[in-house]
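Below: one structure, written as C-alpha cells.
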C-alpha cells in the first residue's frame with residue numbers, strides 16, 4: 001500500500017508542470033504516484049507561469065537546481081529559444097513539453113507528445129500503424145505532435161480537416177520535409193468533403209466535446225467496421241464522439257493514454273525509472 005504522504009526533506013528534488021492556467025492538470029497526481037511507487041525522493045508540483053514571466057521562471061528553475069519540468073499551454077512553442085539543446089522530436093514538431101536540466105543548469109527540450117499518442121494508440125488498437133489512412137480534426141499544437149507521430153509510424157495518408165484551411169495547409173508545409181512516404185492532405189470541415197469510407201483512424205484533436213457538444217460534420221456510420229476513433233479530450237465521462245463510437249460498435253479511446261504515456265517518457269528522462277503505467281491509469285480513472 002502506497003503512503004499518501006510525501007516525505008519531503010532537505011534532499012527532495014523538485015519537478016513541475018508550468019502553464020497558464022495549470023490548476024486543472026492531472027500531472028502532479030500522476031507523477032507523485034509514480035515517484036512514491038518507485039521510492040524516489042522528488043516532489044512534482046503545478047506552477048502557474050504567465051507568458052511574460054516565462055524567461056525568468058525558466059532561469060530560476062535552472063538556478064535552483066530543478067531536475068526538470070513539463071510545459072503546457074501557452075508555453076510549448078515559446079520554450080524553444082530558451083533551450084540549450086533540442087531533441088529531434090522537439091525540433092521537428094516545433095514545441096517543447098518536457099525539459100531536462102543537467103547538473104550545470106543546461107536545459108534540453110524534448111517533446112514526448114507524439115510518443116504518448118502513438119504508444120497509447122498501439123496499446124489500444126494495433127501495433128503496426130504503417131499504411132493506414134487517418135483523418136485528423138484540427139491543426140493546433142496537439143495536432144502537430146500527433147501528425148509527426150503518425151509520420152514516424154509510417155502512415156500512408158493523413159487528411160487534416162480544419163475550419164481554417166490556411167492553418168491546416170501551414171501545418172502540412174511545416175511537416176512535409178519529414179514525411180517523404182506519407183501523403184498529407186487538407187479537407188474542409190464539411191461532411192461531403194471527408195472520405196470517411198476509406199478512413200482507418202479518425203482523430204479529434206480539437207476541444208469539441210469538452211463541454212458535451214457533438215461534431216456535426218462527422219457521420220460515424222460512414223466509417224468502415226475496422227476503423228478506430230481517438231478523441232484526445234478526456235474527463236470523467238465519455239465525450240459525445242466516443243459515446244457514438246460505442247453505439248456504432250467501433251473501437252475508440254480518449255486522451256488519457258496519451259497524457260499518461262507522454263508523462264511516462266518524461267518520467268524516464270528525469271529519473272531513469274519506468275512509470276507504473278497501469279497503476280497510474282487505474283488511479284486517474286477512479
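Note: Cβ is positioned from N, Cα and C throughout, glycine not excepted.
What Swiss-Prot annotates here:
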type     : residues                                                            : note
BINDING  : 25, 26, 27, 72, 97, 113, 234                                        : shikimate binding site
ACT_SITE : 76                                                                  : active site, proton acceptor
BINDING  : 88, 138, 139, 140, 141, 142, 162, 163, 164, 165, 166, 167, 232, 255 : NADP(+) binding site
Length of the line joining the Cα atoms of residue 232 (NADP(+) binding site) and residue 26 (shikimate binding site), in Å: 14
Count of other CB atoms lying within 10 Å of the CB belonging to residue 234 (shikimate binding site): 21
Cα proximity to residue 234 (shikimate binding site), best match among binding-site residues 88, 141, 164, 166: 141
Which listed residue (72, 97, 139, 162, 164) has most other Cβ within 10 Å, given these are binding-site residues: 97
Longest CA-CA distance among 25, 26, 27, 72, 97, 113, 234, per record bound to shikimate, angstrom: 19
For the binding-site residues 26, 232, the one whose C-beta sees the most other C-beta atoms within 10 angstroms: 232
Which listed residue (88, 113, 166) has most other Cβ within 10 Å, given these are binding-site residues: 113
Inter-residue Cα distance where the pair is residue 139 (NADP(+) binding site) and residue 72 (shikimate binding site), in Å: 17
C-alpha spacing of residue 164 (NADP(+) binding site) relative to residue 27 (shikimate binding site), in angstrom: 31
Between residue 139 (NADP(+) binding site) and residue 25 (shikimate binding site), the C-alpha gap once rounded to whole angstrom: 22
Most distant Cα pair in Å, residues 88, 138, 139, 140, 141, 142, 162, 163, 164, 165, 166, 167, 232, 255 binding NADP(+): 30
25, 27 as binding-site residues, winner by CB count within 10 A: 27
Spatial neighbours, same chain, of residue 141 (NADP(+) binding site) - Cβ under 8 Å, 6+ residues apart: 73, 76, 77, 95
Rounded Cα separation (Å) that holds between residue 26 (shikimate binding site) and residue 164 (NADP(+) binding site): 31
